[in-house]
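What TrEMBL records for this protein:
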type     : residues : note
DOMAIN   : 1-189    : domain 'CNNM transmembrane'
DOMAIN   : 205-266  : domain 'CBS'
DOMAIN   : 274-331  : domain 'CBS'
TRANSMEM : 6-24     : transmembrane segment
TRANSMEM : 60-85    : transmembrane segment
TRANSMEM : 91-111   : transmembrane segment
TRANSMEM : 123-148  : transmembrane segment
Amino acid sequence: MDSSQISSLILFVIFVLMSAFFAASETAFTSVSEVKLKTEAKNGNKKAEKSLQLKQDYNALLTAILIGNNIANIACSAIATLFFVRLMPDYGAMVSTIVTTILLLFLAEVTPKLIAKLLSKQIAMFGASILSVVIVLFKPLIWLATLWQDMINRLVPIEKVNSISEAELLSFVDEARSEGSIEAEEHSLVKAAIEFDDVEVGTILTPRVDVNGVDIDATDEEMEEAFEKTSHSRLIVYEESIDHTVGILHQKDFHRYQRAKAKGKLRVPSIVHLISEVDFVPPVMKVFDLLQMMQRKKRHMAVVVDEHGGMLGIVTMEDTLEELVGEIWDETDIIEDEITIVEEGRLYQVKGTYSLHKLCELLGIIPSDDWISSTVSGFMIEQLERVPEEGDTFIYDHYAFKATGVKQRRVNKVQVKRVHSTEV
């Protein structure tokens, strides 16, 4: 083997390494998390900062990588062809094609991309400085490629889509949890925040049957008794029927009125003047919009009404916040879990008021668009097509739903049990 052949082999190896570098860089910058790079950059990592700059101008980066990779691959093919034609004049071109294809495929494509997928952040930061120089060298070609891309976009208009959808974001959060990057509580909070603007008021309201109200003509003693029955610091005030809600009475204002009345220092002629306005909202209103409205109007409670103006229930600011952070308990609350996991993946005890959406998410059941219920008890009634009695059971999607607590036509407790296909 003469010196020219040795030089050809050295050049071939160099161009294979170049091709491998560009292939690895492409995969690394495609896979690396921009959030991770931002975190590293904020901590003072200059390589992460440089990588972040390149990723944010991904079109120029990708064009430079593709140009560099093609130059390296073409050079490999040319050098290999010259090398083998000298050794085997008759079969050199064919042998060169086979050998070059195999070597480039495994050494410059598959292997570097597999490694880059596993070490995306490290490889992105390692290659950032080199790629910055490559982008400068290929600036004229990148400019031409950009013009070509703009021309294609004008000829074939492509609707711009968001860089990341809500479903993809939720998938990233689930992946971070499965990898142990975030704790279970953080995972729940982030998912709740992402899904918050999709939640409707009708799914979180306190139903009408659980609402404690008082007639506007009630005595002080009756109002005091009503406050003792409710867990809220505000009381619905109605006229004749709870469907004719006239406002809200704050417990603090009521007690202040009573003390002033006892001392003979009343500033208002009657307690009616202490009743504040109440907002009426539809069940389809988004919880996010309701929270904004409450903040803007400085109110803590709203009445949920149907299309006929009848009361469906009430919703409080606490209810909206609990959608984000989970149950909020105070010293007067009796802590009771809405769902008890008896056996993970197999047996659950659920309160009738528990969110049907949350239960489906836990069990892996895909909700039907035909369902009108938002709670587990409503789902029981909907599936059985009657008011359940204790012990009533039905099977849905390999889960047996059994009413274990029924009182006054209300399903208070439900047992959910995984059943085998032979039992269905």
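Glycine residues also receive a Cβ, built from the backbone N, Cα and C atoms like all the rest.
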The domain 'CBS' (274-331): DSSP-derived helix, strand, coil residue counts: 21 helix, 16 strand, 21 coil
Averaged pLDDT score, the domain 'CBS' (205-266): 86
Within the domain 'CBS' (205-266), residues counted as helix, strand or coil by DSSP: 26 helix, 21 strand, 15 coil
